[in-house]
Amino acid sequence: MILTAAGAAVVVLLTVLVETAWGPLERLDAAVAEDCRHWVAADPARERTLLILSDWVWDPFAFRGVVLAVCVWLWWRRGGRSRLPQVLWAAVALLVAVGLSGSAKVVFDRPRPEGMAVTAPGGSFPSGHVLTATAAVGVLVVLLRPHLSARGRPWLYAGAAVSAIGVGATRVLLGAHFLSDVVAGWILGGVVLAVTLAVFRWRGADPAEPYD
């Protein structure tokens, strides 16, 4: 829980810096957003590729669909009741991530970068795509890890890392978010995973157990 507390502290600090419009952070966010805007505008193919990745490959609903499919597979594989802690935890983790993302956007209502290549509703801080995607890939790692061999697990970890980083990168490159929005989303997604896991374990049900 030390890492979780540290992550939460970083998010609190980042939130304060964003809300107070701290100069160095504002300049960093603006510089990164401007560089990304020019890089994407220089080649229409880049924008098309990024839009495909953001809207289809790494879309939040796609992640939730994969989590749902894995939960159904786990339920069917060994019988329903033995899988209930895993399915419930997955649902709770994703619901908390979605709720936290939506409420934070309303509370902080940070304007998005100018010149966005995409249309995105709501505030900019934190990135909802990144927060929910990080939570979703974390859920998938926890659910699938017990069922993979030692050789298969590194591929799972690599896929999760590429997906989480890729979501953040595409949102910044497309101008939908500032860099600080994405960093906050990554950390908050990890905090949601850690806290919900800790609560379930405290209640005597460990979603990370294979339940075979």
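Glycine is no exception: its Cβ is also placed from the backbone N, Cα and C atoms.
As written in TrEMBL, here are the features:
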type	residues	note
DOMAIN	87-197	domain 'Phosphatidic acid phosphatase type 2/haloperoxidase'
TRANSMEM	56-76	transmembrane segment
TRANSMEM	88-108	transmembrane segment
TRANSMEM	128-144	transmembrane segment
TRANSMEM	156-176	transmembrane segment
TRANSMEM	182-200	transmembrane segment
Beyond the flanks of the transmembrane segment (156-176) by 6 or more, those residues with Cβ under 8 Å of it: 32-33, 36-37, 39-40, 46-47, 50-51, 53-54, 57-58, 63, 112-118, 120, 124, 127, 129-130, 133-134, 137-138, 140-141, 144-145, 148, 182-183, 185-186, 189
Cβ contacts the transmembrane segment (56-76)/the transmembrane segment (182-200), at least three under 8 Å, sequence gap 6 or more: no
Arithmetic mean of per-residue pLDDT over the domain 'Phosphatidic acid phosphatase type 2/haloperoxidase' (87-197): 93
For the domain 'Phosphatidic acid phosphatase type 2/haloperoxidase' (87-197), residues assigned helix / strand / coil by DSSP: 82 helix, 0 strand, 29 coil
